[in-house]
Structure formats: C-alpha cells, structure tokens
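Below is one structure; the comments refer to it alone.
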Amino acid sequence: MESLAALYKNHIVTLQERTRDVLARFQMDALLIHSGELVNVFLDDHPYPFKVNPQFKAWVPVTQVPNCWLLVDGVNKPKLWFYLPVDYWHNVEPLPTSFWTEEIDVIALPKADGIGSQLPAARGNIGYIGPVPERALGLGIAADKINPKGVIDYLHYYRAYKTDYELACMREAQKSAVNGHRAAYEAFQSGMSEFDINQAYLTATGHRDTDVPYSNIVALNEHASVLHYTKLDHRAPAEMRSFLLDAGAEYNGYAADLTRTWAAHGDNDFAHLIKDVNDEQLALISTMKAGTSYIDYHIQFHQRIAKLLRKHQLVTDMSEEAMVENDLTGPFMPHGIGHPLGLQVHDVAGFMQDDTGTHLAAPSKYPYLRCTRIIEPRMVLTIEPGIYFIESLLAPWREGPFSKHFNWQKIDAMKPFGGIRIEDNVVIHENSIENMTRDLKLA
C-alpha cells in the first residue's frame, strides 16, 4: 500500500481541484478556513471541549488546535497559520512536522488576533468558512462571502466521494473501534456496569470521552430501546440480559461508527433474533451496488424486518407485504438504514442530488432516513438495521384493527432486552462493496 504521505499528496491535489472549480463558479479569489475558537461556559472561565470545523480538518489532520487558519486558492501551496502561543497555563501543541507538512506551508501564529496582519490586504473577494462570522467581519471579509451557501453546498456534495487518503484514515479508525468493541464485550461478560464498560472501551481505543466522534451508546437490557442512550449507569443491573454498544473512533479527523448487540445467554429467543438481524444485515449488504438509490435499501430492509417479525411470531396472520404496506414494521425499526460517514459521523450532503445543493427529502413514510442519494464509488455509508421494543411506538398499535396481528405476549417478553442494532461501515466500489468492519473480523 502507498504511504500515507503519498496518499495525502494526492488528496491535496483533489482538494485543490475542487477549490479551483468552486472559486471559478462563484468568481472568488480564495477561501479562508478557520479551525474555530474555544467557547467558554456561560458565566465561567472554563471552555467547552473544542470541536474543529470539519471543512478545516478536510485539509489537515489538526483536530485539537483552535485559532488556526487555512488560506487556499486551488493554485498555490495551501497556507496554514498554526496557533502557537507562549502559554504556561495550557498545553501548547508544537509546530507540526509530519507526513502531511510537505504539502502545506505551515506558519506559526503566536497571537490569536494576529491573523489580520498575515492575510492579503485585499480581502473583499475571499470567502470565509468557519464558525465565527464576527471574526470574519472584523478581518474585512464581505458579509455575503461568509459561509456562502453555494460554496458550502459544492464542497459538501463532493465530500461524499472519499479520496484514497480518506479511505485509509477510515480503515484505521475502524481498527480502533473494533478494538474497543472487543474490550467492551469482555467487560460486559464480566458483569461490569455501563460506566465501567465505557471506560474499558475508551482505554482500548486510546480515546477520551471528548475524543470519540459521538457520545458512546452503552446500553444494558431495556436501555437498548432508547436509540441514543448516553446515561451510563454506575451500577450493573441485577440481571444481565442484553448489551447494545454503538461506539466509534477517530483517526486524523475521520470517524468510524459501529454497533453490535449481544445476548447474555445464547439460547433464548432474543439471541436467535440477534443472529437473524445480523444475517439479514449481511444479506442486504451483499445486494448493494453502485448506481442504486440508498432509499431502495432502506425499503428493502423493511421487507426483511417483516420476514423476521413473521419468523419469530411477533406479528402473525399477515403477509410480509401487508406488514410493510401498513407500516407494521415501522415501530420496530423507527430509524433509517444508515447514513453517510466521513469527517462527521452523520456526514454532510446525504440529501444532495447535485453540486448545486438540490435537496431530495426522505420519503414521508420514513422521515428519519438520513440519505437519499444514488450510491456511487468512493462513498462510505453505514448499514445499521435494528429491531426494537419501544413502548411509546408500540402503544398506538395496541388499539385498532391491526392490534390482533401483534403477538403482544411475545413482544412484552422481549421488552426487557430493549432492542437490537447491527452496524457496519461500507465503502462503495465500482464492482464491489468493501465492508471495513467485517474485514476486521468483528462478528
């Protein structure tokens, strides 16, 4: 495999090309991309954890340093002003020398407010991309050039197509996340609490809570019925029944996003349902190919959910087609089949149909689907079906003409297990699908 430095060199060539195209389209001279700034908690001198501007880390793997600036014009070597204060109160990152610094002109910026003297004098035709518009105005950037929608739509649209460098980083993120999942499973088997399982995960991945790309979902038993459960009980439950872990990792700013569900005992109905959801997830992935709408795979999985509801006698005396048509599968899988993945966990432009930002909303029947694009080579997507036992979604079905088809006794017996989600991260290639997660033997 090519070195990361060689892959990064080609990555910058691609970003420069996109920059030339977008600047020509909007008749601009350059883009000034801001890493962001620390924001203090209200009435306090303590800042929130820093989260870098995703458009900044698309160019450079600098994710922990505020007050940095990139100037790119698609022609000249990108310039990075790297914040390097004299500060004995806080840790100061040294001026980077790494695999990527040959491609970037790195300049020390000793004072956060010193960027004004470093920039070209004529700034009326420079666009600002970043989270602090008032800073851009103070630098003389025109108001209509601050986060211009057309420019951002263009950049977001093409972020769906990962470079080889980006794919290499995402494969590395997978490795960390898989290590974490294995450690968390061992912690679950030893009877640990959600809090302690999370600690085991973070230790195995080498991440802090603020480093992971999203808040880990560490859900024992019925907590797995809360789709984004992040509470972390300190005390282990009296009886371990199930464990759902939705947790990722980050490498050079790129995310992994994996989910697994385990039963405490391998011979009950819930364990058999996990196996079947897993099998159907893999079967769906095996059918995927470039040129197909992502919506189609979401709809297909509802057909697979119907098959499982029938097989496990959770819904009875109704055809699978009728279950989907009448949305009896809806309360069991209320979320979408997945989403784009990259610099952000829910990566951008999932609804964009072209580089002008044309929006195609999710179908009204499935409003929580996060992607409506045609899948194409170099896209990275999650495939994360689930079956859940969520009373607030099931309750409306307990009355009315369809109630008799729900096997309420069996459904209620499943509720203490919470739910199931299985999530892999896949790369679309011209004639194949690469399952980064399963390639690392995460069962």
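Backbone N, Cα and C define each Cβ position, glycine as well.
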From Asp246, Asp267, Asp412, the one annotated by Swiss-Prot with Asp257, Glu423 for Mn(2+) 2: Asp246
Listed co-binder of Mn(2+) 1 (same site as Asp257, Glu384, Glu423, source Swiss-Prot) among His207, His312, His339: His339
Distance [Cα-Cα, Å, rounded] between Glu423 (Mn(2+) 2 binding site) and His339 (Mn(2+) 1 binding site): 11
Cβ-Cβ distance under 8 Å to Glu384 (Mn(2+) 1 binding site), same chain, at least six residues away: Thr259, Gln281, His335, Ile337, Gly338, Arg421, Ile422, Glu423, Asp424
Distance from Asp246 (Mn(2+) 2 binding site) back to His339 (Mn(2+) 1 binding site), taken between C-alpha atoms, in Å: 14
Conformational class of Glu384 (Mn(2+) 1 binding site) under the three-state DSSP mapping: coil
CB-centroid shell, 8 A cutoff, Mn(2+) 2 site Asp246, Asp257, Glu423, site residues removed: Ile217, Ala247, Gly248, Leu258, Thr259, Thr382, Glu384, Arg421
